[in-house]
Amino acid sequence: MSENPFEVLKEDMENEEVYLKVNAMHRVKVVATLLGSDKIKSQLIPYFETLLKKEDDEVLFALAEELGNIAQIIPNQSSCLLSLLEQLAGFDETVVREQAVKSIAIVCGFLGDNDIANTIVPMIIRLASNDTNFTCRVSAVCLMCPLYARAGNQKEKIRQKFTELCSEETPMVRRAVATKIGEIAQFMDKIHVIQDLIPVLKQLCQDEQDQVRLLCMESLMNIAKILNSSENKTNILPLIIQSAEDKSWRVRLALSKIFADLAEAVGKEIADSSLIQIFSNLLKDTECDVRVIAVRSLARFIKFVSPEKLNLIVPLLQLLSKDPFSQVKQYACEVIGQIATLLPKEYSQSKLQQYLIDLMADDNQDVRRNAAKSAGQFAAAIGPEALNQFVPFLKKCMDDPKWRVRKETMQTIIQLALTVKNPDVFNKQLESVFVMFLKDRAAEVRSMGLIQLPALIATYKQDWAIGNFLSKCIETLSKDVGSLYRINALYAIQQISFAVDGPIAQDKLWPIVQKCLKDPVPNIRFVSIKVAKSLQKKIDNQQTLNQIKQSINELLEDPDRDVKFYAQEALQN
Amino acid sequence: MQNRTANSKQTTAGRSQVQPNTTTQQPRAPPQMVQNMARVTDPKHVPKDTRDQFLKKIHFCSQPYDFNDDTKNVKEKQERSQYLQELFDLLKEPNFVNNLVVPHLDLIIEMIEKNIFRPLPILKKTATNGEIGMEDDDQLIDPAWTHLQPVYEYFLQLIVNEQPDVKSLKIFITHSFIQEFLELFDSEEPREREYLKNILHRLYAKLVPRRKMIRKAINDCFYTLIHETYKFNGAAELLDILASIISGFAVPLREEHVIFFKTVIIPLHKVQTCQFYHEQLLRCSMLFLSKDPTLATFLVEGLLRYWPFANSAKEVMFLNELLEVLEVCEISKLEPLIPKLFKRLIKCIAGPHLQVADRAMCFFENDYFLTILKSYKPFTFPLLVPVIAQIADTHWHKVLQESLNALKTILKEIDYQAFDKALNTKDPKYLYIIQDAKNQKKDRQKIEEKWKNLTKQALQKNPNFKEPIVPYSDTHIVGEHNGLNNGNITIL
């Protein structure tokens, strides 16, 4: 019972399989708990030191993680782990380094502000000044962010070192700085951000490597968040303008990606006065990938500018909806749908409607799909008068050769029906499109209609369900179409049965089902059994109930095994 | 123009309808200009109009055009091509180079920079949404290439030309120039990379004072590949250059170069895309080893450390390299690596992939390797013999089974007694390599029991203790890869 935990660990680490050693390493927590802080210091840490030189990266990765866990066991003395972690932070292997940095942050969580200033800051500076190993400097940059806030009177030293590293010759370090500059800014006083960080950010934004400039974009946004409008105008806006004209399309793409967030960060005023113009250029970029990403951001961007400025974007949308690259058009559809909810009705109707209708007939199926989707949003925003225009085209979309387009259209129709809530409009315009799901040749589309049926019945009531709709179902059932269609119609009848009263179920629905119980296709027979079962629950009339029972009973002798099974099941309950 | 680039035209036929009728093309290298220059001896007295003409052409060629669209600026592009050709031809006139090119090197380099330093395009197979899984032939053509090629050609000839001396060139080849130049190596256009390689090679040869800087920039490129991006199209080309740089290193190697070997050459093996440059990497490694054979053990260690996972093609490459490197190793220095080395080989032989197993078997045909095996008999025999003996009986592939049996014979011949002793060991330690997970679990039972007890104790000591999550269970893929769930081998 009384094994020495340290010996067990050592024994397991003797194993030659790396994965077993990794496992053992993850159990260090157990050992550390049992050993207590003194022995951790005197036994465990010296042992780990020996591992650093000889172990595989995988094991060291586990070690770096576990050191963070040990820190939680001995919170008051966790600084003894720092020397190990410092070494790991300078390792070649990226994952080991990163994990070590994380664990150092955990250790720092247990340290007092004094310790931070006296031990951690010198450690960071030491790492940052290591000229032979760029990995140390990268780790130092990563450590500066979480610890800056607690560095007390040493803050200046860190700031100085950070800005120093921005002019590094090694591109890896510059890339690390470019990624982190936005993060560290969150912890700094505004005055330092403007005095110290903005100049180096400017410098990084003009870096010779496009990779560095690209990484600056996210940081740019983060810094914009902490500055006020006028500070943004003088400091950030010139950088945005410059990046939007960057010669590397990768930078322009990165900027396009965050443009909406950037607009949110700098505020409405700048967004209105300057960003729309800059963004327009990105939307017209020569590189199609930039346009794709830009138009994707556009859908969010329009929420952050004043509605009255939106008319500047409309002409762009007209351009984008004719873009030679189909992905651009695909996302342009979404924007048209969105923007219609923000613009005055007449304006979007006169300027955009035709474009959307054209997109519904595009060559590319993804464009058609998104157009159908946006058409719903558009029509809902404009109101019933727009439906007149759209319904013929939606109907056309239901004849699309691609089922994905039809599915999206079906969804749109249903959404419209549910938002309009106007029986007149529904009966006149939408219903005829909706019932097309009964005859669609793709199961996806058919089940789409089926799933939404209860919601529609709830909105348009029993009258519609047992009136027009039921007659369509009967039509499908009676016509000699494929059995899958008939099954679908049967399930639709089941849905109706949930919503109607007993007498109606008895008079209108049961006769249909009764007929289906004698269908030549076995699958239809057992689906009918299921539907009959749900009818049973509704109907009170004993005579009809007996009839149902009788009919199912007959099927106990059915030649098909599955039909027999369902018949039995139905009679048991 | 048309004659010179005939080669590149053929490959891009159909794309370059830039010059529909160029029958009225000017004669190559305007004779008048050359004649004028022939009389000039002093650079200060170049006729003004000749100089102006020259500068005008340089300036014209510095203008950016959209080369991706053949329909735009057709006339200008045509003119530009012609000028570039003229400038190129003039490089052949020594007088001209001395008196015009060298004094205006700043403008010329600027022209080159403006042309070639550009954001690299992503070459799309087709602009429309092509179907996925279409034939994957290497038809990646940068439409701008026809227009870039003359600039590269010009740059190359400029460096090759002997008249611009080191001093005047040196000023322009700055750190940032080299860094931007190296970034172009990521181009997907192989012909561009070829030019880049040749130019950088010549630059390195010519600009002795810039060598250290160039090496450092190349290092940074590789660090990025190893630590950040994991993919770099020009890695093979850069290694090509390095190979000739390395062969020029003086012996004994300077510490800087040894560090390079350890921090770049060895870790380059672990990169996922290693296959694309392995041939060149191997050449560099072997060149290093020829300069300093003691580095071989580090490389062996590195290979064993970065052994590929679930990538049999790469495994075969590693095996090839390993054997070559082992031949350079001093046997006595190998001792600490012997267990890892032989275990790896056994895993390859017992593994599920036939080619890997076959390649590993080839080691035993190598005399030097057999010497290593014999020198460390006390270790290698107890490891090899029980495993080989068992899979020789049970291996699923007939040919491999035969060679395993042959290997058994070889081992027997080396030392019959040791063979027998190893075969009859009671509990062969390394048999687990070919055992399935169940047996493996049984072996682990004792120590797992201990861990369980310890965890209980820890819980008693600290009620808030959370049980550690152990990442690899015995059904885990790592176990399978290590031959633990090896279904190919049945154990009695």
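Just so it is clear, glycine is given a Cβ too, placed from its N, Cα and C backbone atoms.
Whatever TrEMBL says is automated annotation, not expert-curated.
As written in TrEMBL, here are the features:
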| type | residues | note |
| --- | --- | --- |
| REPEAT | A:44-79 | repeat 'HEAT' |
| DOMAIN | A:153-264 | domain 'Phosphatase 2A Regulatory Subunit A helical' |
| REPEAT | A:197-235 | repeat 'HEAT' |
| REPEAT | A:236-274 | repeat 'HEAT' |
| REPEAT | A:275-311 | repeat 'HEAT' |
| REPEAT | A:313-351 | repeat 'HEAT' |
| REPEAT | A:352-390 | repeat 'HEAT' |
Using DSSP, tally how many residues of the repeat 'HEAT' (A:236-274) sit in helix, strand and coil. 33 helix, 0 strand, 6 coil
Other than its close neighbours in sequence, what residues sit by the repeat 'HEAT' (A:352-390), given a CB gap under 8 Å and a spacing of at least six beyond its ends? 314, 317-318, 321-322, 326-327, 329-334, 336-341, 343, 345, 396-397, 400, 402, 404-405, 408-409, 411-413, 415-416, 419-420, 422, 425, 429-430
Can you name the far-off residues of the same chain, 6+ from the ends of the repeat 'HEAT' (A:236-274), with a Cβ under 8 Å from a Cβ of it? 201-202, 205-206, 210-211, 213-218, 220-225, 227, 229, 281-282, 285-287, 289-290, 293-294, 296-301, 303-306, 309
Could you give the residue numbers and ranges of same-chain residues that sit at least 6 residues beyond the repeat 'HEAT' (A:44-79) on either side and whose C-beta is under 8 angstroms from one of its C-beta atoms? 6, 10, 13, 18-19, 21-22, 25-26, 28-29, 31-33, 35, 37, 85, 87-88, 91, 93, 95-96, 99-100, 102-103, 106-107, 110-111, 115, 119
When secondary structure is assigned with DSSP, how many helix, strand and coil residues does the repeat 'HEAT' (A:275-311) contain? 31 helix, 0 strand, 6 coil
DSSP-derived helix, strand and coil totals, residue by residue, for the repeat 'HEAT' (A:313-351): 29 helix, 0 strand, 10 coil
